[in-house]
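Visitor: Pulled from Swiss-Prot, these are the listed features:
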type    : residues                                 : note
BINDING : G117, T118, N119, G120, K121, T122, T123 : ATP binding site
Amino acid sequence: MLKDFTRKKVLVIGAGRSGLAVSRFLVKKGASVVLADAGKPDYPDGELEDLTAAGVELSLGGYPGVGKESVDLVVVSPGVPLTVEPVRAAVREGIPVTGELELAYYFTRSPIVAVTGTNGKTTTTTLIGEIFKDAGMNTLVGGNIGSPLIAEVERYGPDDVIVAEVSSFQLETASTFRPKVGVVLNITPDHLDRHGTMGNYAATKARMFANQGPGDFAVLNCDDPLAASLKAGVRSRVIFFSRRKELKEGVWVSGGMIVASLNGHREVVCRSDELGLPGAHNLENALAAVAAAKAMGIESNSLAGTLRRFKGVAHRLEFVAEVDGVRYINDSKGTNPDAAIKALESYGEPIVLIAGGKNKGSDFREFARKVKEKAKVLVVLGQSAGLIAEAARAEGFENILYADGFREAVLLARRVARPGDIVLLSPACASWDMFKSFEERGDLFKEIVLSLKKG
């Protein structure tokens, strides 16, 4: 990493939220910045003018050439694959390539609690942040959610704490990143269109711990085989959590109680049925949050209060409204089959499920088995509609409706739902075939449902 960015030539690839934040930050550090994107993203009025006024040169609709004479450093946004030509050219030329997470870490003075995993990252990151805030700590919550870390890290000092949601894409370009506490919630199939194999995907998640030492902590899910297996390569102190079995040390559930035992001191945190979050998967998220909080020295009575008050975050099993006796649940963040399975398992009522979108190389067979077990009707849409319907039929599930668009999907679900049912949006797919983000998808779902409620 460059030690001084004054007059250094930096190419930032990817003009999304992360790329914009990196560009603004490096210009303030005296760098000459070119922000490039293969597409031409839509920005709010005045955004491009503000960037150019700040000194950022824009290259939208294509990438500039990369050579040692024109570029000293390449910063890749997490959404951009490392196989794009400017990155490959930089590697060939020996030009350093990094990402926003690594860059932010370079300027960080605060201890970091970093959370990764296939599912549950945002909920767990937000919960840990609330635990620290309630304990009186000055806390930044960011990374893959909220503000990019690079935009905020210099405002926080050694006595503060940073809680970061970290994706596999961000970890790909992390070389010296060293969180005080690293959390891996689970590793199930996702993003295989980018990582290729589960082995590659797990290895990328393991980069979380590559630079940790004996004074750091690795929080791992004992119930998830791939996550638990990461212990073999960890040099820091491992804290396991489990909702299925009792542990000699770590955080687990015993007799309906959340129990923590670190350094030989066992204590009850709270009852598991006191949690403000629905679903067994959210119990796992809470156990991980307890483990991270205990690693940072938070007292149990303080964190127990937060566990009771915390009601979750938007687009994750978010209750929207009850219309004509039917409850509508927004789980737009259920962007892979495992997340949608966990959503289906969270409810005992009859479910009308809305699923479909852009496939990320997923296998829908296990998801289809859960659909047969839990759903009364499946409404499919988007690029993956046929694949999901085919998988469901292979399991003997025939009550399938096809929707041409998102609004039609919600209206079809409403038509077949009866009082006491749940209409659940948990797509098991990404949103990019129809929306810019899962947030946009979830917001439209809420808008449609609330319009139905108004009549």
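From the backbone N, Cα and C atoms, a Cβ is placed for every residue, glycine too.
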Visitor: With a radius of 8 angstroms around the mean position of the C-beta atoms of G117, T118, N119, G120, K121, T122, T123, what other residues of the same chain does the ATP site pick up?
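Guide: The answer, listed by sequence position, is V115, T124, L185, N186, N285, A339.
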Visitor: Cβ distance under 8 Å to T122 (ATP binding site), same chain, sequence separation 6 or more: which residues?
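Guide: T122 (ATP binding site) has long-range Cβ partners N144, I145, E165, V313, R316, K333.
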Visitor: Name, in the order they occur in the sequence, the residues of the same chain whose CB lies under 8 A from the CB of G117 (ATP binding site) and which sit 6 or more residues away.
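Guide: Counting only residues 6 or more apart in sequence, the Cβ neighbours of G117 (ATP binding site) under 8 Å are T124, V183, V184, L185, N186, I187, K205, N221, A227.
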Visitor: Which one, from the binding-site residues T118, N119, G120, T123, has the smallest tally of other C-beta atoms lying within 10 Å of its C-beta?
Guide: T118
